[in-house]
Amino acid sequence: MARVFPGRSHGRCHRWCHACSSDSGCVPLFVYAIFGSSRQLAVGPVALVSLLVSNVLSRIVDSSDPLYTEMAILLALMVGILECIMGLLRLGWLIRFISHSVISGFTSASAIVIALSQAKYFLGYSIVRSSKIVPLVKSIIAGADGFSWPPFVMGSAFLAILLIMKHLGKSRKQLRFLRAAGPLTAVVLGTTIVKIFHPSSISLVGDIPQGFPKFSIPKGFEYFRSLIPTAFLITGVAILESVGIAKALAAKNGYELDSNQELFGLGVANIFGSFFSAYPTTGSFSRSAVNNESGAKTGLSGIFTGIIMACALLFLTPLFEYIPQCALAAIVISAVMSLVDYQEAIFLWHVDKKDFLLWAITSTTTLFLGIEIGVLVGVGVSLAFVIHESANPHIAVLGRLPGTTVYRNIQQYPEAYTYNGIVIVRIDAPIYFANISYIKDRLREYEVDVDRSAKRGPEVERIYFVILEMAPVTYIDSSAVQALKDLHMEYKLRDIQIAISNPNREVLLTLSRSGVVEMIGKEWYFVRVHDAVQVCLQRVQGIKDSSRTADHVHEDEPNFLQRLVKQRAEDSSISRLESGDRTPFSDGAEAQLEPLLLRKS
């Protein structure tokens, strides 16, 4: 019940909010246990979603207006419908495009905003409601004249108790129950102090309606269109938070999680919750962790939690009237402090500067420009990085490892050597319209800028063969096919031959249907890079011999292969082409070339 609309005013609205929070923590639990797929996920109100709801609705209507509550309930219905649609359409894969760096940066910044929004309960005076850090800090400083010691001392004491209990619960296994008992301890101590001393300067929760929520249809549909952007935003945040923790718990407990069923379960829980006066709910990081540590193995844990919540609504609400607001604020602050993931930022700085930049951009924009803009900027920059990586794929020049027929990236294996007149290039991505221009530019660079420091074979002055290792290429589109044709014609004008090595079945079928196989020639498709190198190397030797004697000798392909088989063991020029320090292969094994397609007879 602590995580409800941070920044709300006192009085009647608080009674509505806490009632909504109780309903959000009760009805969706029963529904999710039936339709959800996670066995440990604890569904209910969470601080981040509460802040989003409060931040958006406070701009439309005053928090003391009954319409405020109606719009919050309507949001739950809209979020539930969106989640159900995504689950039914099997759109769970969309969350893969959201980087973990974005999630970490967003939650870290949001946790700071949430903590600052609770400061008014510690300080004893009102501060502005905002999702931006600058207005919050300005408001805190501007209202310093209204500072009150009693709530500050009480709230600080509760916060210290919570942090100590959390630390002991995490560091010592035999005391792990203290972690879950912390919030209850703060509430009981706060209520006891208020009942005994009746401090006038301590604000209380106030009266909360008793009884189980009644069925009702959400209202305020005239504001439906204005709430659509917020519903999408809350849906995205809820999915990230819920599915992320659910997948982690599923992996930890050794079972598979269906993301689409998870979306549908959350959606149905929100829809049913909206009919019982609940605002948007999702899976909670902290409560799910406690649920898992307590030994929950099935969805029955959620049902038992719901039963306890229902009993509290029916019989215990009079006790909640005397809970100090500073105690609830301390619970919220202690909960969100763990979301400030500075250790993740340090880790990203050491591992990947790009991901650290993404974390920094997301957290900074969320802090200074607001939660909505922070989410949009973070997701936008994340997608921009994905597009950039896709449009600029990794391309490697391959060389032969000494003593083997294995070809690897010469940047990664400096000992690998290449051959004069031949460039072997591996394209480590699908080839399509967005990256084909980049690939063509890189191929032209490799043709011109040749490193001769580790080359072997006949000494020629330029490139005669370009071998494309296409094993990592899983897909090639029509734009790439046309570009490959253009590249072949361009190379042909400069007397350069393309050879293709090891394309997969789908790529080979596409090349065949488009006429590229016939254009390049079936004899230039190979199973292994080594086979292509052997053929190209012999051709380069022939070109070298021809240039030396000024006599052009034309041979057809079968005679060339036969000559290669017969003279392999005895021709000294061939042994000069190969690595001088490798162990010779047997004649039969060395002579076998494996064409991918049947050559022309």
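Heads up, the Cβ atoms here are built off N, Cα and C, so glycines get one too.
Caution: TrEMBL annotation is automatic and unverified by curators.
The annotation domain 'STAS' is assigned in TrEMBL to 412-536. The transmembrane segment annotation in TrEMBL covers 41-61, 67-89, 101-127, 147-165, 177-197, 227-250, 262-279, 299-320, 327-350, 356-387.
Beyond the transmembrane segment (67-89), the same-chain residues lying 6 or more positions past its ends with a Cβ under 8 Å from any Cβ of the stretch are 5, 13, 16-17, 20, 24, 53, 57-58, 60-61, 218-221, 223-224, 227-228, 230-232, 234-235, 238-239, 260-274, 277-281. Distant neighbours of the transmembrane segment (299-320): 1, 18, 22-23, 25-27, 29-30, 32-34, 36, 38-43, 191, 205, 208-213, 291; these residues of the same chain sit at least 6 beyond its ends, with a Cβ under 8 Å from one of its Cβ atoms. Residues 19-21, 23-24, 26-29, 31-32, 34-38, 43, 45, 50, 53, 69, 72-77, 79-88, 91-92, 213-218, 238-239, 242-243, 246 of the same chain lie 6+ residues outside the transmembrane segment (262-279) yet bring a C-beta within less than 8 angstroms of a C-beta in it.
Tallying C-beta pairs under 8 angstroms between the transmembrane segment (177-197) and each of 41-61, 101-127, 147-165, 227-250, 327-350 places 147-165 first.
Long-range contacts of the transmembrane segment (327-350) within the same chain, counting only residues at least 6 positions beyond its ends with a Cβ under 8 Å from a Cβ of the stretch, are 1-3, 6, 47, 101, 104-105, 107-108, 110-112, 114-115, 118-119, 121-122, 154-156, 158-159, 162-163, 166, 182-183, 186-187, 189-191, 205, 285-286, 356, 359-360. The average per-residue pLDDT of the prediction over the domain 'STAS' (412-536) is 88, rounded to a whole number.
Non-local neighbours of the transmembrane segment (41-61) in the same chain are 3-8, 21, 24-25, 28-29, 32, 67-68, 71-72, 75, 107, 110-111, 113-114, 117, 129-131, 223, 226-227, 230, 233-234, 237-238, 241-242, 245-246, 249, 266, 269, 279-285, 287-288, 290-291, 301-302, 305, 332, 335-336, 370-372; each lies 6+ residues outside the stretch with a CB under 8 Å from one of its CB atoms. Secondary structure counts, DSSP: the domain 'STAS' (412-536) has 54 helix, 25 strand, 46 coil. Residues 6-7, 9, 47-48, 51, 133, 136-137, 139-140, 143, 146-152, 155-156, 201, 203, 237, 240-241, 244, 325-326, 328-330, 332-333, 336-337, 339-342, 344-345, 348, 355-356, 358-364, 366-367, 371, 374-375, 378-379, 381-382 of the same chain, all 6+ positions outside the transmembrane segment (101-127), place their C-beta atoms under 8 angstroms from a C-beta of that stretch.
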